[in-house]
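Working notes, beginning with the structure itself.
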Amino acid sequence: MAGSSDDSATTPTPESVAASLKAIRNQIDAVDRQLVELMNQRASLATQIGKCKNDGNSEIFHPNREAEVFQNVLSHNPGPLDEVTVRAIFREVISGCRALQRMPRVAFLGPEHSYSHIATLTRFGETVEFVEVGSISAVFEEVLKKRVDYGVVPLENSTDGRIVDSLDMFVRIPQIKICDEIRMRIHHNLLANCEQSEIRRIYSKPQALSQCRNWLSKNVPNASLHEVTSTTAAARLVQSEPYTAAVASRQAGVKYGIQILCANIEDSSNNETRFAVIGSHHARRTGRDKTALMFTTPHNPGALADVLMVFKQNAVNITWIESFPSRETKGEYIFFVDFEGHLDDEKVAHTVREVGTHCQRIFVLGSFPLARVED
């Protein structure tokens with residue numbers, strides 16, 4: 001009949017769909033076997049690198065080399081996987097291969113699922129021996145006494161500013177170096193196992209409450225705010241107390257079985273915390289690096305201006321400068337400066353030497369690769 005068509009010839013049957021799925025899944029299985037073979041081949045090569053070092057005390061974390069690896073794989077990524085996904089996959093591949101040489105121990109400000117813990121996972125991956133400690137000073141002490149290889153401490157937050165406890169510890173233990181940085185966008189979430197209108201109390205650490213204060217006052221105006229030691233501690237309280245909520249990470253909500261009522265409740269969409277990876281060495285040059293130092297100046301008019309003029313005259317760009325009072329000397333202020341370049345760059349080395357001639361004290365904290373923001 002004119003205009004008729006045989007739909008059975010074009011409409012897939014259940015049997016043909018099942019056959020197509022099976023064929024595709026067989027191809028996926030074959031690719032997976034190739035992936036496992038290639039990953040183990042990579043792991044064997046990483047083990048050979050460890051044998052070439054032939055020293056159980058050699059550094060096993062090389063931010064400069066890992067930056068090169070990420071740059072290489074991303075430059076050869078045609079898609080459809082996006083950059084974030086490829087980075088996440090290779091982060092764990094690198095983590096596993098690194099551990100074959102020697103399992104690194106990394107200290108962080110706990111508890112588990114705190115933002116410091118998440119930052120540590122973001123940088124080192126899962127194949128690490130994590131050492132949870134209760135204070136920033138304890139992270140430094142663990143590194144100093146070589147009970148861990150590295151530590152992760154917060155340096156600054158885009159909303160709340162500098163983390164003085166971390167900066168002060170660099171003064172107290174100047175032999176500890178910054179070997180890498182982690183820039184992480186901080187997303188706070190309202191966690192509760194009741195309706196939003198039923199919330200009477202909200203728990204979190206002071207910084208998290210401060211960073212969400214406007215949102216909380218507008219959306220849960222009848223709830224009282226209560227400070228606790230960490231966002232994870234807040235999530236634990238919600239487990240046992242009815243009609244309460246926590247401002248915490250998504251990971252804490254998953255860990256303790258608490259619903260995420262509202263996500264990303266921070267007042268600033270650019271809420272970012274910068275962490276330092278600390279150890280006994282600084283990283284090698286990558287070509288896209290930063291250097292950090294601390295110094296004190298004489299109590300003379302224009303003393304700080306003299307130091308800053310050195311950076312200007314040498315065309316070295318300062319990316320961060322902070323001052324805070326010394327806990328050792330009354331009336332003395334310590335300046336913390338980040339600037340572009342690496343200590344192995346002659347221009348940077350010359351600048352640091354010249355800066356030193358204008359300072360009473362100077363602490364070179366190290367050079368490290370410029371970090372991207374992790375979301």
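Cβ atoms here come from the backbone N, Cα and C positions, even for glycine.
Automatic, uncurated: that is what TrEMBL annotation is.
According to TrEMBL, the domain 'Chorismate mutase' annotation covers 15-105. Annotation comment: TrEMBL describes 21-48 as coiled coil. What TrEMBL records for 105-280 is domain 'Prephenate dehydratase'. Marked as site 'Essential for prephenate dehydratase activity' by TrEMBL: THR273. Among the features that TrEMBL reports, domain 'ACT' is placed at 292-369.
Taking Cβ pairs closer than 8 Å, the coiled coil (21-48) reaches residues 93, 96-98, 100-101 in its own chain, all 6 or more past its ends. With a cut-off of 8 Å between CB atoms and residues at least 6 apart in sequence, the same chain places TYR115, ALA119, PRO154, GLU156, ASN157, SER158, ARG183, MET184, ILE186 near THR273 (site 'Essential for prephenate dehydratase activity'), listed in sequence order. Across the coiled coil (21-48), the prediction's mean pLDDT works out to 95.
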